[in-house]
Amino acid sequence: MDSVIQEAKRVIIKVGSSLVTNDGKGLDANAIQKWAAQIAQLRALGKEVVLVSSGAIVEGMQRLGFDKRPVGIHELQACAAVGQMGLAQIYETSFRQHDVRTAQILLTHADLADRERYLNARSTLFTLLRLGVVPIINENDTVVTDEIKFGDNDTLGALVANLIEADALIILTDQRGLFSADPRKDPNAVFIHEAKAGDLKLEAMAGGAGSSLGRGGMLTKILAAKRAAFSGAHTVIAWGREDNVLTRLAGGEAIGTQLTAQTAQLTARKQWMADHLQTAGAVVLDNGAVQKLTAEGKSLLPIGVTDVSGSFGRGDVITCIDQGGRAVARGISNYASSDARRIMRKPSADIAAILGFVEEPELIHRDNLVLL
């Protein structure tokens, strides 16, 4: 098995907190200098690199004198604000030794959910890469309330991969990769060298009840690989303390677990819809509508909707849910939630009589719908 990183031209590298900090006591300058040296070598090979790095909160705790991770959200946000200064400084210093310029970009999921801000972020990143800069991205923990949690930057890395249509996502962690079970508890645990991104068996393995892999954050990494595959990006999950792991991957060596993207690449517009972590509302579909969407590639008609939840407007992205509660698609609604409730279960020919107007015969047109 050859590494998919060797042929990749544009790579997202996600480095977790445990790899850039001294056991939770501030940033590890030596480790960060090693990352910078390896990334500089990747750039010398002609690769464009974007780095997604955690570590701001831990650095802020050190600077503000916290012995333990604060419980209060505002204390965490204060740590993130203070620590982000140190994170940016040490990366800039480390990359400068290799004559590489860096840029700091702080994002929230809301930035990528808004179409205009999404396109602006995309254009800025493309410009930075064209200018030879290594963008260093982190979640803007200072202003968010529900994204300060373990593993969230795995998702952010996948979103950035989709945003700029990267060829590969490297998730560096404190574990060797994926196992079929917890190797510390199960002597029969098998290391997974390669699998398909989006394989439901992997999700079940990592997220089952009592799964140590799930508690260790492996489920977020598996889901991140699935998300990155929307844009055709392959994912490698590897132990970050492996000597020269990045340069060896770039040289073709197979390290860690490789999750290959085997789904058709989405258009930029459909990538944006798929990357909505939170949607304005949802519609529940009957079995016939699910079949039409998933197997036949049809539009969603009002007659196939059995329930509407949330408050959304025309043009908002909503989730389509099957009778079992599973999200099967996302799409742009042609009708506000109040109107959708009135026309659900009704044939499209009745829309004008019910509402007094017709926007479209479909609730969601197939061109504005993406399967999950």
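Glycine is no exception: its Cβ is also placed from the backbone N, Cα and C atoms.
According to Swiss-Prot, the features are:
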BINDING   K14, T173, D174  ATP binding site
BINDING   S54, D141, N153  substrate binding site
DOMAIN    280-358  domain 'PUA'
**Request:** Check K14 (ATP binding site) against DSSP and tell me helix, strand or coil, would you?
**Result:** strand
**Asked** If you skip the near sequence neighbours and keep only those at least six away, which residues in the chain come within under 8 angstroms of T173 (ATP binding site), Cβ to Cβ?
**Response** G16, S18, L19, G217, K221, I237, A238, W239, G240
**Request:** May I ask which residues of the same chain, at least 6 positions away in sequence, place their Cβ under 8 angstroms from the Cβ of D174 (ATP binding site)?
**Result:** G16, S18, L19, W239, G240, R241
**Asked** What's the CA to CA span in angstrom from N153 (substrate binding site) over to K14 (ATP binding site)?
**Response** 7
**Assigned element (helix, strand, coil) containing S54 (substrate binding site), judged by DSSP** = coil
**Prompt:** Under DSSP, is T173 (ATP binding site) helix, strand or coil?
**Reply:** strand
**Asked** If you count Cβ atoms within 10 Å of the Cβ of S54 (substrate binding site), leaving out that atom itself, what do you get?
**Response** 24
**Prompt:** Max Cα-Cα distance in Å among K14, T173, D174, the residues listed as binding ATP?
**Reply:** 12
**Complete:** Here the 10 Å Cβ neighbour count for N153 (substrate binding site) comes out at 26
**Prompt:** Given the model, what does the mean pLDDT over the domain 'PUA' (280-358) come out as?
**Reply:** 93
**Asked** Sorted by position, what residues of the same chain at least six away from K14 (ATP binding site) have a C-beta under 8 A from it?
**Response** L51, V52, S53, N153, D154, L156, G157, L169, I170, I171, L172
